[in-house]
Amino acid sequence: MDAQLTYTMGLLEQGYLSARVCSMGNSTSRLYSALAKTLSSSAAVSQELLEASQHDQSEPLDPKELLDECQVALQDRPARLHRDFFSLRSESSSQQPRTFRVMQWNILAQALGEGKDNFIMCPMEALKWEERKYLILEEILMYQPDVLCLQEVDHYFDTFQPILSRLGYQCTFLAKPWSPCLDVEHNNGPDGCALFFLQDRFQLVNSAKIRLSARTLKTNQVAIAETLQCCETGRQLCFAVTHLKARTGWERFRLAQGSDLLDNLESITQGATVPLIICGDFNADPTEEVYKRFASSSLNLNSAYKLLSEDGESEPPYTTWKIRTTGESCHTLDYIWYSQHALRVNAALGLPTEEQIGPNRLPSFNYPSDHLSLVCDFSFNEDPARLL
């Protein structure tokens, strides 16, 4: 308890945790406030009850009709960023493997976009939720992932869970214990990580919600890990989504969080017996120790987007590009890690060019987040020599 109090006071002193969160305006918002207090057992029960309610009998949505609806709502905005998929299969591959698609995306919490993040080159009109939600949904519907991993989700219960569940996804959400969204007036509740998978492609074997630790201290960052069984092959694999601590000066903290996540995943996957895909905004460029820790892990992980480079060893030049009051920020922070002994990357979605992004960077009228989505097509590796 003393260690927890010390950690909380440290966050208060550093300005990350406010001693006062904004009051909630209605019963739904008050429920979000309760969910943020994950140290309370009653709040944890409330979240579980809410997630259980996702199995309702609502009519399924047609993804094409919903995409059309999004595009009608966005007809006055510039066209979305054009991006192409690049095949990563070797020339010698004769058979077309059955693939599954994974999407990783920090969608930008609405409260942060309109409040704390200070995107000085992005008009406030471009950040309004009434239209921005259609841009986010359009991106998801265009790429139709089988597994979707999101960070900074603060509209889970009123937008993503009800819509995506009707599209056939099973949905899981874990809020940050002390979300910075709660410090923003008129917020929609805490942000957190969410994991969605299509139930006609996978079945849930088990699910773990993880509050990441830095050595012995519980932190404000979380992860979800779910072991799924492929409906077609019967093979199992584990998907994890996370969002590590942001900002310069917290490199050792991120390393501790990443190490804790790897320890948890090693236990869940029984020492990589079950193949693993980890999606996340790591808030760390490839020179950071937490990146090197994942790259050298005993779980035998590789970063999927390195395969787009000419040498197969270099990360993209950026996955986020924004302009704030503190200046321009262009970094690679987002990754899809995978078990390279058991899985193969068949294709990856390319990143837009600087010219496409434009001089005002992200977010913008034609892209809803300051982070770019990452999308990969995977297949199970059938080469027995690589499964050892």
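Heads up, the Cβ atoms here are built off N, Cα and C, so glycines get one too.
Annotated in Swiss-Prot:
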- GLU152, LYS176, PRO177, TRP178, ASN220, HIS243, LEU244, LYS245, ALA246, ASP281, PHE282, ASN283, HIS371: substrate binding site (BINDING)
- GLU152: Mg(2+) binding site (BINDING)
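Locations of recorded Swiss-Prot features on the structure.
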{"residue": "GLU152", "record": "substrate binding site", "DSSP (3 states)": "strand"}
{"residue": "PRO177", "record": "substrate binding site", "DSSP (3 states)": "coil"}
{"residue": "ASN220", "record": "substrate binding site", "DSSP (3 states)": "strand"}
{"residue": "LEU244", "record": "substrate binding site", "DSSP (3 states)": "coil"}
{"residue": "PHE282", "record": "substrate binding site", "DSSP (3 states)": "coil"}
{"residue": "HIS371", "record": "substrate binding site", "DSSP (3 states)": "strand"}
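Considering only the residues assigned to substrate binding, GLU152, LYS176, PRO177, TRP178, ASN220, HIS243, LEU244, LYS245, ALA246, ASP281, PHE282, ASN283, HIS371, the longest pairwise Cα distance works out to 23 Å. When each of the binding-site residues LEU244, ALA246 is scored by how many other Cβ atoms sit within 10 Å of its Cβ, ALA246 comes out lowest. Packing around PRO177 (substrate binding site) is summarised by its Cβ count: 20 other Cβ atoms lie within 10 angstroms of its Cβ, all protein chains included. Cβ neighbours within 10 Å of ASN220 (substrate binding site), excluding its own Cβ and spanning all shown chains: 19. Long-range C-beta contacts of HIS371 (substrate binding site), restricted to its own chain and to partners at least six residues apart, with a cutoff below 8 Å, comprise TRP105, ASN106, ILE107, LEU108, ASP281, THR319, THR320, LEU333, ASP334, LEU362.
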